[in-house]
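Taken from TrEMBL, the feature domain 'Kinesin motor' applies to 11-342. Sequence annotations record features per position, and here TrEMBL assigns ATP binding site to 98, 99, 100, 101, 102, 103, 104, 105. Look at TrEMBL and you will find 375-440 tagged as region 'Disordered'. Sequence annotations record features per position, and here TrEMBL assigns compositional bias 'Basic residues' to 376-389. Annotation comment: TrEMBL describes 395-407 as compositional bias 'Acidic residues'. What TrEMBL lists as compositional bias 'Basic and acidic residues' is 408-440.
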């Protein structure tokens, strides 16, 4: 995607979050092996099988969140600045990584019905549309897509045909993308939540020993935010920010899963893609690799820009505090510790060629011209321009005139077509009453009038379709 650099290298931001001990863990007598120092941003892990005097291993991150942390703390301190950047035209990615049952889905989604427990995804929806509602002299268009990678196959969670496997493609300008992935324009929080709920109903989940409702796939909710505003040069400029909200499947040992049937096969694919993710991170930070193995999995190809490319990225490493999770927690901490050394090169995406907003702007102009040609907008626009000379010497805005145009669209159309139909019916009646015409001539003239009435009916249908399309495009373009 086209972009002008407004930033140099930027490290991937890594934070750690530890869930509370579960009742099951407490009942089983497991001890706590993790300690978090929120002020220093450190996590210490003690080996329950350590020899006497062996010190715990300590890792430092951009921030740490202990068991008492609130969803809003994580969002406001760590996530909010990234969403602000996406609204300015940067690409952004947020993903949670950790063992099954450590709170990845809770961190990303949370409990939607309880405001204090809502996760990163619903809070980002509120953040985006609140910003848009408060913006001035800008036009926004927000699109949402939802996909999952299940057993190394990409599924569109919003498609009618769930059996269709999608392909990854690469474009020199836009980078890696998914061919035929559906995308929905959303104008408010309710609409984007509806899109997510639809997709969540078809996501692959299953029960394991580690988690009753374990995510058996990697899910990515993609939000594309286009913003148009007039620049200092007087020209319209469009910025496009893409936000990847990623809920990874859990990393786990098959021996701990206690799963049968499809579960071992699923776990094998999950661990394969997570291993590929680890290999990409290692190659990016070791300073020696000339080849970064992005192509080893669908997940790493999709996250290519997020890992060492054109994006601002946050990783939330989720941890279990109990001794039985020691090996997995240590593995997650080491993974996260490597990831914080990745350097990205984020830049503002300005005036790309493939924006839907520009396409809508051009289509609105085209539809408006067609309606004016049909006489549908002219009269009302003249009335609304006279109305701009408001009482007390104040002027109405251009937008008010546009609203009047839309409100009067059907009325103008109805009046115009009604007048034409009445005129043709009058002419038809006059022909029938004209006794000076011979029968053949009268029949010919009546047939001509019938054809004109039929043509008028077709014109009415075409104009109604055109008017509806125009109104939908204007409403979508404003993104109110």
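Note: Cβ is positioned from N, Cα and C throughout, glycine not excepted.
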Top of the binding-site residues 98, 101, 103 by count of other CB atoms within 10 A is 98
Give me the count of other Cβ atoms within 10 A of the Cβ belonging to residue 102 (ATP binding site).
27
For residue 105 (ATP binding site), just count the other CB atoms lying within 10 A of its CB, please.
24
Near residue 99 (ATP binding site), how many other Cβ atoms are within 10 Å of its Cβ?
23
Average pLDDT across the domain 'Kinesin motor' (11-342)?
89
Taking all protein chains shown into account, the Cβ-based neighbour count within 10 Å for residue 100 (ATP binding site) is 25
Counting across all protein chains, other CB atoms within 10 angstroms of the CB of residue 104 (ATP binding site) number 28
